[in-house]
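*Asks:* Found this in TrEMBL, in case it helps:
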- 38-57: DNA-binding region (DNA_BIND)
- 15-75: domain 'HTH tetR-type' (DOMAIN)
């Protein structure tokens, strides 16, 4: 699941009414926020009745969870699987890892910008969503710890005091900051996306060494 919107559109097992509500929630929650979106607006956007919304989602909050849970569940795991394969086949270096992670997860963020935007907003305002996100990230700490240990063993000039948490915060933090600049704050930059990502890679490497 790398593009949640396309998955919903192509999944023939999802009833048409439910699909319409999910897509409406994705559009409206990202554009005007969860709290500022009414059930009647969702129904109008989805071109269904409010009864149809409640048929598939007991509450508006359940709809929110249906939209953001796939993002929480897939942000780290997809790159983890790919990286685990790469580690087995090559002597992964810090430069290689950072480049792969930044490019791979930026593509994921771009493809799912609406749901990621919703997720970030809710993490900042909803303690339950924040807790769910942190708990899910913690599940994958062992993977990041293994990456860190592997890179330390390869003598990549990494700071030996780094913990897996430090590692995760650094590489994820730079990416999410750029995402927020582009999608939440509309901050313009003179650099192209490619140039900015290259700068982010350089900043991450500097922060880790």
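In case you wondered, yes, glycine gets a Cβ from its N, Cα and C as well.
TrEMBL annotations: computationally assigned, not manually curated.
Model, not experiment: these values are computed from the prediction.
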*Asks:* Suppose you look only at the DNA-binding region (38-57); what would the mean pLDDT be?
*Replies:* 96
*Asks:* Counting by DSSP, what is the helix, strand and coil composition of the DNA-binding region (38-57)?
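*Replies:* Helix/strand/coil tally for the DNA-binding region (38-57): 15 helix, 0 strand, 5 coil.
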